[in-house]
Amino acid sequence: MAAKSQPNIPKAKSLDGVTNDRTASQGQWGRAWEVDWFSLASVIFLLLFAPFIVYYFIMACDQYSCALTGPVVDIVTGHARLSDIWAKTPPITRKAAQLYTLWVTFQVLLYTSLPDFCHKFLPGYVGGIQEGAVTPAGVVNKYQINGLQAWLLTHLLWFANAHLLSWFSPTIIFDNWIPLLWCANILGYAVSTFAMVKGYFFPTSARDCKFTGNFFYNYMMGIEFNPRIGKWFDFKLFFNGRPGIVAWTLINLSFAAKQRELHSHVTNAMVLVNVLQAIYVIDFFWNETWYLKTIDICHDHFGWYLGWGDCVWLPYLYTLQGLYLVYHPVQLSTPHAVGVLLLGLVGYYIFRVANHQKDLFRRTDGRCLIWGRKPKVIECSYTSADGQRHHSKLLVSGFWGVARHFNYVGDLMGSLAYCLACGGGHLLPYFYIIYMAILLTHRCLRDEHRCASKYGRDWERYTAAVPYRLLPGIF
């Protein structure tokens, strides 16, 4: 359910000649073949409670001014019943259904029908037709990278409407926020169910499918590795980036417009949240080609975790800071605002530079300079399913010599900055940093398990050279 996926441990060479042998791929690619009781319990818990968590947070803002304990206190003390809270919840509306259908259709058209032109005039930007990483079955998919273009065109239309056309109010997203939640849930469940049926009956690449024999695990974690319709519509790339992440900045802009409508001004806290989160969104689309080598594309299958998560969890819970500031227009002191800005920018610097170091190392096969020096590497090897031996390199210089996942530290610093922009009045806006800390720690451990299975003793040499996973001296 993450908006910003993270790269695997930096490697200089891709995986060639790989087949979908169960023994070789179980620890290296994709999700598990078999399900232990803890994983199954976790899956069932998320399927049951994740939709409720989203509803609870949004309802708490709508009915209790973002006080998370408000609904519980009212129910326990008898001041309200669950039926009372539900009765006050706005239902799905025709307007919301029309808006959401138009939105998703527009993003599908931008994704499938408009080849990228940004790479033709933006120096350093890599777009157009690009290859992804090799799959467990040895397939190398091609992708139409045009996310930055879609983001730019979408926001150009948004600002044209706000300042010239006046087709709709900039507050339209906030004004229909809960009715749109039901629409997003319908799409999330529909695409997840379709992906599961497709995996059973007409998969894009049957050799990349995984079945556990457990319905709930298959539904949540997915069966197909890269489900597609036609040549270019890739479920993973579309739903991870569009409609959720393109919408992220639009949602924040709508929240800012609502704050101005209600309070006659936009606070510096709202400006900070909009600017800092926009930096990460633009970075995501500027580096969309790099994203093809991240854990979401290279490891995760497409199921409810990605389908529903990207439609509902991401746009509704990653934007809680902006929503909170509509109800609580926090105006930060100058030192507080400067501190939040610096924390966010330093976090982004670490996040971007660490990923750039890894990408540069991979593209040049280690023939580069990192922090002005020739990079130190751990030479390693692994055997693929066809018995072929491959050689690779693990980077131990730059930020990757500080900790094995130091890019996550930058991500966490940025996440904390969003939350601190909201002051200390309520817990709700701090959900994001709590969630990201859990998510990135889990990803860190999952990636390390996969790399240990792949590289064996060479991985032990690497962990000896870089002893800390995330925080030097701590973890």
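In case you wondered, yes, glycine gets a Cβ from its N, Cα and C as well.
Since this is a predicted model, take the numbers as computed values, not measurements.
According to Swiss-Prot, the region 'Disordered' annotation covers 1-21.
Swiss-Prot lists Ser14 with the feature phosphoserine.
Summarising the annotation, Swiss-Prot assigns transmembrane segment to 40-60 (among others) and lists sequence analysis as the type of evidence.
For 154-174 (among others), the entry in Swiss-Prot reads transmembrane segment. Residues 99, 106-107, 110, 180, 246, 249-251, 253-255, 257-258, 261, 323, 326 of the same chain lie 6+ residues outside the transmembrane segment (154-174) yet bring a C-beta within less than 8 angstroms of a C-beta in it.
Away from its own ends, the transmembrane segment (177-197) comes close to residues 51, 54-55, 58-59, 62, 89-93, 95-97, 99-101, 104, 218-219, 222-224, 227, 235, 239, 302-304, 307-312, 315-316, 323 of its chain (Cβ-Cβ under 8 Å, at least six residues beyond either end). Annotation comment: Swiss-Prot describes 177-197 (among others) as transmembrane segment, evidence class sequence analysis.
Taken from Swiss-Prot, the feature transmembrane segment applies to 266-286 (among others), supported by sequence analysis. Sequence-distant neighbours of the transmembrane segment (266-286) (same chain, 6+ residues past either end, Cβ-Cβ under 8 Å): 3-4, 125, 147-148, 150-151, 241, 245, 248-249, 252-253, 255-256, 259-260, 318, 321-322, 325, 329-332, 337, 340-341, 344-345, 348, 351-352, 414, 417-418, 421-423.
Positions annotated as transmembrane segment by Swiss-Prot: 306-326 (among others).
Sequence-distant contacts of the transmembrane segment (331-351) (same chain, six or more residues past either end, CB-CB distance under 8 Å): 267-269, 272, 276, 279-280, 283, 399, 406-407, 409-418, 420-421, 423. If you look up Swiss-Prot, you'll see 331-351 (among others) marked as transmembrane segment, on the strength of sequence analysis.
Just so you know, the Cβ of Asn407 (NADP(+) binding site) picks up 25 other Cβ atoms within 10 Å once every protein chain is counted. As annotated by Swiss-Prot, NADP(+) binding site applies to Lys358, Arg362, Leu395, Trp400, Asn407, Tyr408, Asp447, Cys451, Ala452, Ser453, Lys454, Tyr455, Tyr462, with the evidence given as similarity to another entry.
Swiss-Prot lists 420-440 (among others) with the feature transmembrane segment.
Here the binding-site residues are Leu395, Ala452, and the one with the most other Cβ atoms within 10 Å of its Cβ is Leu395.
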